[in-house]
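K.L.:
Here's the feature list from TrEMBL:
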| type | residues | note |
| --- | --- | --- |
| ACT_SITE | Lys66 | active site, proton acceptor |
| MOD_RES | Lys66 | N6-(pyridoxal phosphate)lysine |
| BINDING | Arg168, Met370 | substrate binding site |
| DOMAIN | 285-435 | domain 'Alanine racemase C-terminal' |
| ACT_SITE | Tyr306 | active site, proton acceptor |
Amino acid sequence: MGVMTLNAAPRLEFSSELGESNYKRACREYPGQVLVDLAVMKRNMEHLVDVCGGAHSGTAVMGVVKADAYGHGLIPSALAALAGGATWLGTAQPREALLLRKAGIGPDRCHILTWLYNGTAAPFEDLIASDIDISVGSLAGIEALAAAARKLGKTARVHVKVDTGFGRNGFTPEAFDDALDLLGRFKAEGAIEIIGQWSHLAVADMPKQPVFVSSTDRQIANFEEFSLRMHEAGLSPQIRHLANTAATLTRPAIHYDLTRPGIGLYGYEPDPSMGTPSKYALTPAMSLQAQLATVKHLEAGHGISYGRTYLTEQETSAAVMPLGYADGIHRSASGSDVEGSLGQEHLGGPIRVMTTAGPRLVRVSGRVCMDQCVLDLHGDADQLGVHEGDTVLLFGPGRGEEQCEPTADDWARAAGTICYEIFTCLRSRIPRLYLHAQTALPAQDLGMLDPRSLL
Ligand SMILES: *Cc1c(COP(=O)(O)O)cnc(C)c1O
């Protein structure tokens with residue numbers, strides 16, 4: 001046995017000896033781990049359902065699980081969302097919608113909506129056959145979808161995407177008459193059924209900025225205008241939906257029949273200007289931790305990493321953290337200091353390390369490398385009690401870096417991005433491990449998960 005190692009991450013509650021052995025194996029296989037608490041994710045969804053008035057309010061909730069559930073893992077996250085009361089799941093890419101059905105999440109359990117594809121090559125037949133709702137926002141897409149439905153002899157469930165001001169997917173008001181003509185024709189033929197009308201908001205995450213509030217108001221007015229036109233064309237949708245997490249939390253008037261929270265399910269607010277997750281009774285579900293590699297002494301004035309952008313201020317110890325940009329650690333979260341070659345300070349991504357005197361916040365020092373970064377410990381590792389093998393925490397469900405509990409929002413600030421990108425960039429080579437699957441999910445769902453991923 002080696003020296004005692006210190007742990008800066010929260011203590012894990014294993015469900016069983018098997019869970020503990022899964023954890024140990026993951027640590028042997030890779031020196032960093034993504035931990036996702038499914039009980040937390042389920043509670044976040046329960047809360048979002050409450051925010052929408054509860055299960056019988058007439059407003060359903062979709063768990064948005066695109067991009068591998070924002071990096072949290074598609075199937076476990078989808079199951080946690082359903083356990084928390086979501087009755088819809090949504091993915092941008094059809095591939096992920098199909099994966100949900102293939103995993104065993106059937107149409108008896110929830111609706112699934114998918115919305116992003118190349119209409120000339122999308123797997124429409126598979127989608128229709130799998131009872132997946134499909135968004136349409138182009139004439140070519142409607143034509144191809146109807147052709148697939150005709151061929152299959154099964155009506156496609158369609159959500160009409162309208163561009164109320166986002167400038168991305170959906171029909172603009174100018175192009176909508178042509179769309180309505182085509183939709184009317186295919187509906188009459190029985191190839192399609194108009195399930196939904198929907199749109200996406202551009203600036204709902206900036207509720208403190210009057211220009212953005214009025215811009216969202218304009219999007220809502222446009223949305224209603226589109227509804228009127230659908231009604232006049234005899235194509236009224238069964239449901240309408242517009243709200244992302246930001247609008248779900250701050251704009252109850254536009255919950256309509258369905259809301260579509262993504263980031264809220266994972267426990268973050270959409271933008272730090274809105275406050276912290278706790279303000280919205282949300283808890284981050286993901287933690288990212290790593291085990292230190294080499295820990296060693298460095299002289300004062302010693303360069304750290306490529307480009308010599310960081311020089312040690314004094315004699316110190318430095319630790320190698322074995323995650324780098326090939327793991328999704330943003331290179332823009334590199335740390336530089338005024339002594340270094342750039343001549344300016346940029347605070348690197350924050351990391352919580354444990355010392356014998358308690359936790360300490362250190363930062364990425366110098367450039368993030370492909371597989372690793374270096375942390376200036378600002379002290380003597382022996383005196384601090386920091387060793388190779390210690391577990392450090394990059395982010396978790398904490399109160400923020402000021403409290404020595406860094407969050408994904410802190411990393412987003414250091415990297416000049418948003419927490420969404422912090423999660424989704426984490427590469428698949430970092431193992432995903434799940435806490436509380438056994439308590440959060442119905443027993444019959446556990447079989448859909450990789451048993452080696454359960455703690
Ligand atoms: C990603 C996405 C959402 C969820 O957005 P959040 O800000 O994560 O809540 C909702 N609707 C659409 C169309 C999306 O692409």
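Placed from the backbone N, Cα and C atoms, the Cβ positions cover glycine too.
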K.L.:
What three-state class does DSSP give Arg168 (substrate binding site)?
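P.N.:
Its secondary structure by DSSP: coil.
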K.L.:
If I restrict to non-local contacts, at least six residues apart, and a C-beta distance under 8 angstroms, what lies near Lys66 (active site, proton acceptor) in its own chain?
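P.N.:
Listed in sequence order, they are Gly90, Thr91, Ala92, Gln93, Glu96, Gly262.
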K.L.:
Over the span of the domain 'Alanine racemase C-terminal' (285-435), how high is the average pLDDT in this prediction?
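P.N.:
On average, pLDDT over the domain 'Alanine racemase C-terminal' (285-435) sits at 97.
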K.L.:
Rounded to the nearest angstrom, how far is the Cα of Tyr306 (active site, proton acceptor) from the Cα of Met370 (substrate binding site)?
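P.N.:
Roughly 11 Å, rounded to the nearest whole number.
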K.L.:
Counting only residues 6+ apart in the same chain, whose Cβ is under 8 Å from the Cβ of Tyr306 (active site, proton acceptor)?
P.N.:
Gly366, Arg367, Cys369
